[in-house]
Amino acid sequence: MPLNIWKAHEQYFLRMQRNKEKKSMEKMEESNQCKRKLRVCVATCNRADYSKLAPIMSGIKSHPEDFELEVVVLGSHLIDDYGNTFRMIEQDDFDIGSKLHTIVRGEDEAAMVESVGLALVKLPDVIQRLKPDILVVHGDRFDALALATAAALMNIRILHLEGGEVSGTIDDSIRHAISKLAHYHACCTRMAEQHLIAMCEDHSRILLAGCPSYDKLLLPHHREDYMDIIKSWLGDKVQEGDYIVALQHPVTTDIQHSIKIYGLMLDALISFNKKTLILFPNIDAGSKEMVRVMRRKGIEQHPNFRAVKHIPFEQFIQLVSHAGCMIGNSSCGVREAGAFGTPVINLGTRQTGRETGENVLHVRDADTHNKIYHALELQFGKRYPCSKIYGDGNAVPRILKFLRSIDLDEPLQKTFCFPPVKDPISQDIDHILETQSALAVDLGGTNLRVAIVCMRGTIVKKYSQPNPKTFEARMELILKMCNDAMRDAVGLNCRILGVGVSTGGRVNPQDGVVLHSTKLIQEWSSVDLRTPISDALHLPVWVDNDGNCAALAERKFGHGKGVENFVTVITGTGIGGGIIHHNELVHGSTFCAAELGHIMVSLEGPECMCGSRGCIEAYASGMALQREAKKLHDEDLLKVEGMDMKLSEPITAAHLINAAKMGNSKADAVLTKAATALGVGIINILHIVNPSQVILSGVLASCYQAPVQHVISQRALFSVQNIKVVTSDLEEPALLGAASMVLDYATRRIY
């Protein structure tokens, strides 16, 4: 082939290749552009669901490159008697695409059914016009059931918020029915996720997001104008924490009984004689009768009451946050109020089965005025640790990420997972282990340390500062380090479940109070650690002493894993430890159990820092060895040939140990005596508690392991002579133990 023809062919093929690549790139860009734009329709039915949906709507609106937002308003939003709350949606600068009047008045069972039917008649035209890719539906209201039914029948994908939860009334059945119609789920708690999986929902389509309203709740809630808000609703004379918020709805499966409870609640509130902000009930069957009861008792004219139909959500959370108490059966009491530690009295069965924090006092059989009045006396004015059972303030980013991951090309037909999954965590164990994390705080005599610890026991990030000498400076530093760690945790993909604190001294873990401190930590007695940390971080907080934390660390991450009964002995500056008996930590009646360093092994031994004589700590602690090393040094009996020891450096236990290793008989005799004292003390523990294993932890553990095992084999009762003494493999037992308190309990939702 001539050269010029060959070149012409070559240029032709190059042009063809370039055109092909250009078309391919254009097609890919067009495909990506189509994939990025997701048309999301958010439907809101009432003031309650809007508080959950509004943060998501704001998130969608703030990402126009990814989403197109359509808003549909129906239900009680459009009724004057319920505040015409659609106006607050417009005030929030959302364009309402459709307003559907779907409520048939009557406030009885038949009216609820007719309202569902009317909504089903009107919704198809709206859905056909909007053509959404996905419909976002919230909760368990009858209006939401109509929305889910219409969307499912019209082949529109559904994202259901807050499915899998359990409560009383017909709401439970409606919620689960919507979950079965929905294609995707964004739930609030681990238990709700497990319920959805048990209902055979596909685990890959379930997002554990948390409650979207918590994204607003957990912003700093002490707004500067909160007193202006309180006074605007309750009058100028009312004080923070000296009023009650009341919100009671009908129970549709037992209307007459719920009306009776409502009347008893009003009587108790009148008798209690505190300023009360009372909201009108929702539109469920029975609400009209409840309003009649309220008017018969003259509540709207009573000087202690302010009855309102609606309060904007941002103002409502301020009122709840600073209330002396909240009473009724609203889900807000068992969910949102916990974020502020506001005391709550939950009346009747409407919220039966809901997960609650310790701030909720249940009066399920609220059959007398006196019972409700007594509950008010118990709860009013208390403050509880802030609870984050329902969210951590990051729900919206998770939901938006979840929406972006939806593949519109995958089959629309739902698939169910039969049989129910027994262990849902195993479905996504890597995600759980990497993201479920704890903040661990270790208060030592020298340093204050904070760490982010994940479920595996890996320390993701650690922070250390010198421990201040005063209480105020110490608390300020703890909160600052914890806040720094919380900020870093977001970037590290770690969801913080709570805070665990390990500290020296005697601790009441039930109240989170340091009762008596060691001499190494000054100004550290009768200190409530739980409340200020929980209030500042909005997290549950656990507190225990460092010895118990070391035992907990071994139980979860170390040699104690799977061992029902064992003892951990810390050998460091002092001697401490913890006892695990039948898989549980032993605290004792006055929280003094496992003070292993103060077991007496001699009547006339050296003086201990506790004031007694002959304690293990007086023989075998790092301070005791340092004391003996100084004595030998003063007598010029410590240093041996070949031992490197500078004149300027302070004498420590390490010098004694090195001297013994290099053949110093005096130093070796001190160590032998210390190991014997420790061994005798451990024999006492073996004879009393009879554990199956002893774990030595701390910097001196490797020095003591072999001689202590020898002492046990020589001096203990025959039945315990073969019990193994092992050294811990954990580098940070105090931090890991503090983290284990959070990881073991927070994931089980025990508060």
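FYI, residue positions are counted from 1 along the chain as it appears here.
Every residue, even glycine, has its Cβ placed from backbone N, Cα and C.
Note: TrEMBL annotation is automatic and uncurated.
Computed from a predicted structure; not experimentally measured.
The feature active site is assigned by TrEMBL to D546. For R506, T518, D546, E595, H598, E617, the entry in TrEMBL reads N-acyl-D-mannosamine binding site. Taken from TrEMBL, the feature Zn(2+) binding site applies to H598, C608, C610, C615. According to TrEMBL, the feature domain 'UDP-N-acetylglucosamine 2-epimerase' maps to 65-403.
Within 8 Å of the centroid defined by the CB atoms of H598, C608, C610, C615, the record's Zn(2+) site, lie the Cβ atoms of G597, M600, M609, G611, S612, I616, E617, A618, excluding the listed residues themselves. Using Cα positions, the member of the recorded positions R506, D546, E617 nearest to C608 (Zn(2+) binding site) is identified as E617. In space, C610 is the closest of the recorded positions D546, C610, C615 to T518 (N-acyl-D-mannosamine binding site), judged by Cα positions. In the structure shown, across all protein chains, C615 is the one of the binding-site residues C610, C615 with the greatest number of other Cβ atoms within 10 Å. Ranked by how many other Cβ atoms sit within 10 Å of their Cβ, the recorded positions D546, E595, E617 place E595 at the bottom. Cα distances from H598 (N-acyl-D-mannosamine binding site) to the recorded positions D546, C610, C615 are smallest for C615.
With respect to their backbone Cα atoms, R506 (N-acyl-D-mannosamine binding site) and the residue listed as 'active site' stand 10 Å from each other. For R506 (N-acyl-D-mannosamine binding site), the number of other Cβ atoms no farther than 10 Å from its own Cβ, over all displayed protein chains, is 18. Apart from R506, T518, D546, E595, H598, E617, the N-acyl-D-mannosamine site neighbourhood in this chain, defined by C-beta within 8 angstroms of the site C-beta centre, holds G504, G505, N545, G547, G574, I575, G576, G597, C610.
On the backbone, the CA of the residue listed as 'active site' and the CA of E595 (N-acyl-D-mannosamine binding site) stand 11 Å apart.
Taking only the Cα positions, the spacing between E595 (N-acyl-D-mannosamine binding site) and C615 (Zn(2+) binding site) is 10 angstrom.
In this structure the residues listed as binding N-acyl-D-mannosamine are R506, T518, D546, E595, H598, E617; their two most distant Cα atoms lie 16 Å apart.
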